[in-house]
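Asker: Following this message is one structure expressed as structure tokens.
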Amino acid sequence: MMTAAILTTMVEVAILICLLQLATATTAAASSLSYPSHQILAVQEIIDTTKLAAHVPQTQLLDHETIESGESHGRKRWKLNLVHRDKLSENDEGHRRRTEARLKRDVKRVAILNSRIGGNHTKGGVEGGRFEVEDFGSEVVSGMRQGSGEYFVRIGVGSPPRSQYMVVDSGSDVVWVQCLPCKQCYQQSDPLFDPANSASFVAVSCASSVCQHAETAVGCHGHGGGRWCKYEVSYGDGSYTKGTLALETLSFGNTFIRNVAIGCGHRNQGLFVGAAGLLGIGGGSMSLVSQLGGEAGGAFSYCLVSRGDGSLGSLEFGRESLPTDSAVWVPLLRNPRFPSFYYVELSGLGVGGVQVTIPEPIFKLSDMGHGGVVMDTGTAVTRLPTVAYAAFRDTFIAQTTNLPRARPVSIFDTCYDLNGFVTVRVPTVSFYFSGGPVLTLPASNFLIPVDDMGTFCFAFAPTSSGLSIIGNIQQEGIQISFDSTNGLMGFGPNVC
């Protein structure tokens, strides 16, 4: 609580900016006061960063394939660099256009999630549509046009390894790449993967247990003894991948993971900003985390860098990636209907150090598998049921009457004109979890710039669905850890 005490005073701006990079996680009773009550938002510094870090050349990113691997006390650990999609964009369209594009992707992403797992509460538009999706062992949501392609890693595929950018998606269980011969492929940054040039590529036969247990399997192709397992994964936005199910070697630096079940896609449609495919790290049986099995011990962690930051984030596998102390742990909930997704038990929201009055059952995961709160790397903006969002937003507005308002922008209905401000003092925003833990967000994780002119918006949005989603904007800069073996998710203590 020392950080909290410091943040309530007006000390030197440089010190405050440094401190506010930390997410304060503490334990408190549900009705008690959770300090700090206010933070300093470094307005001008954030605006300057969005202008300077608009684009990093792909040639520079290709040189940042640095990956750490190691073993300690018999436990393995692999660390990969995470790159935000904005850094892979070929065009520097300005921050406002990038924000608009991101929010459009986000709306599509959330509509698909709601149609799949949000229950029957959505109304109108895409959210009310009916989708037919065949899954890789469980519910799969694509890293394509609905916006889950927000973060990328660079790994090796095959033997010898061919470096490829892959979309990372915590809501998917599929691992797949575009393959030659390609009957229909979208444009990607690297040459297409050619299984004929890989000594470790093995097509899965129709008789194998892998084919029989993969729900994406849609039949066989070939004749006689050469009958191979076909897979197909389609998505609610019309994107899809079709091809051959195979066992292949993936490499993280000098570490090789053999016999990983992947899709070798010969017909693919989607928008991946140059990525070769998707790396699913969801909770289902076919995800990379599950396939690593005992080697990773069901554990991984990630740190998402800020949208405008020029640095790289990280994705680590293995129990050595888990923090040994100071992290705040909350239980993971399992939804048998949708095992890919990581659910947490949120009990409330806080503004200015005080919990907002919201009926707690609104965040509950029902016995039928509806509602609940999902942690998702593919969704940018946190979504809350309308009743909860309205109370949350109104409380925030009531404590920011000193700030000049701006017109709504896209899905954001609460915006401020902070042009000309160097810093502003804003109330804290916190997530309250069942059992006591409270996560207080950095100010830059809930008031974000939507242009280069000083317009900042409250980065939350309502949903008519019963499903709540904690998006990647709110997760930025905080180490997020998953211990599937013990059913826990951790916040901190590290920042990035």
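Counting starts with 1 at the first residue shown.
In case you wondered, yes, glycine gets a Cβ from its N, Cα and C as well.
Unlike curated records, TrEMBL annotations are generated automatically.
Feature list, courtesy of TrEMBL:
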type	residues	note
SIGNAL	1-25	signal peptide
DOMAIN	151-492	domain 'Peptidase A1'
ACT_SITE	D169	active site
ACT_SITE	D376	active site
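Context for these features, please: burial, neighbours, distances.
Answerer: The number of other CB atoms found within 10 A of the CB of D169 (active site), across every protein chain shown, is 27.
The local packing around D376 (active site), expressed as other Cβ atoms within 10 Å of its Cβ over all shown chains, amounts to 26.
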Asker: List the Cα distance (Å, whole number) between D376 (active site) and D169 (active site).
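Answerer: Here the two Cα atoms lie 8 Å apart.
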